[in-house]
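Sequence annotations record features per position, and here TrEMBL assigns domain 'PIN' to 1-118. Here TrEMBL flags Asp4, Asp95 as Mg(2+) binding site.
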Amino acid sequence: MIVDAGPLLALFNLADRHHQACVSFLRGNEVALVTTWPVLTEVMHLLRYSVDAQLRLLSWIDRGGLAVAELEQGCIGAVAGLIDKYRDRPMDLADASVVQLAVQTGCREVLSIDSDFDIYRLPDGAWLANPLRDNTH
């Protein structure tokens, strides 16, 4: 399952209003998690107030809690196309990388607290299932 920035931030920020929902979801669902470097960069930036939280996140990744996938070399045009298509949202690089990773891997599930993923579509018109959305409102 592809993970967006929101759940990662919530997992490592005890004060985040989505913290408990994200912890509960992950405890109840043993699924392989993957994210992208743009998502990880965004989360590390948002956790900049706490080096300890950043280090806990990196340690969790190092222990196998989360894989960080590389996007294919030739995908920049596709990512730019997504950002252009959703400019009215707007779509940031992290979100575009999540959608592109779904295209690249065929994965059709994203873990996100971001309502924009209710709007985003894959090139074939399919949407990404988001099992966390019902638990975070």
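Placed from the backbone N, Cα and C atoms, the Cβ positions cover glycine too.
Nobody curates TrEMBL annotations by hand; they come from automatic prediction.
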TODO: Taking the Cβ of Asp4 (Mg(2+) binding site) as the reference point, list residues of the same chain whose Cβ is under 8 angstroms away and which are at least six residues distant in sequence.
DONE: Thr35, Val39, Ala94, Asp95, Val98, Val110, Leu111, Ser112, Ile113, Asp114, Phe117
TODO: Across all the protein chains here, work out how many other Cβ atoms are within 10 Å of the Cβ of Asp95 (Mg(2+) binding site).
DONE: 27
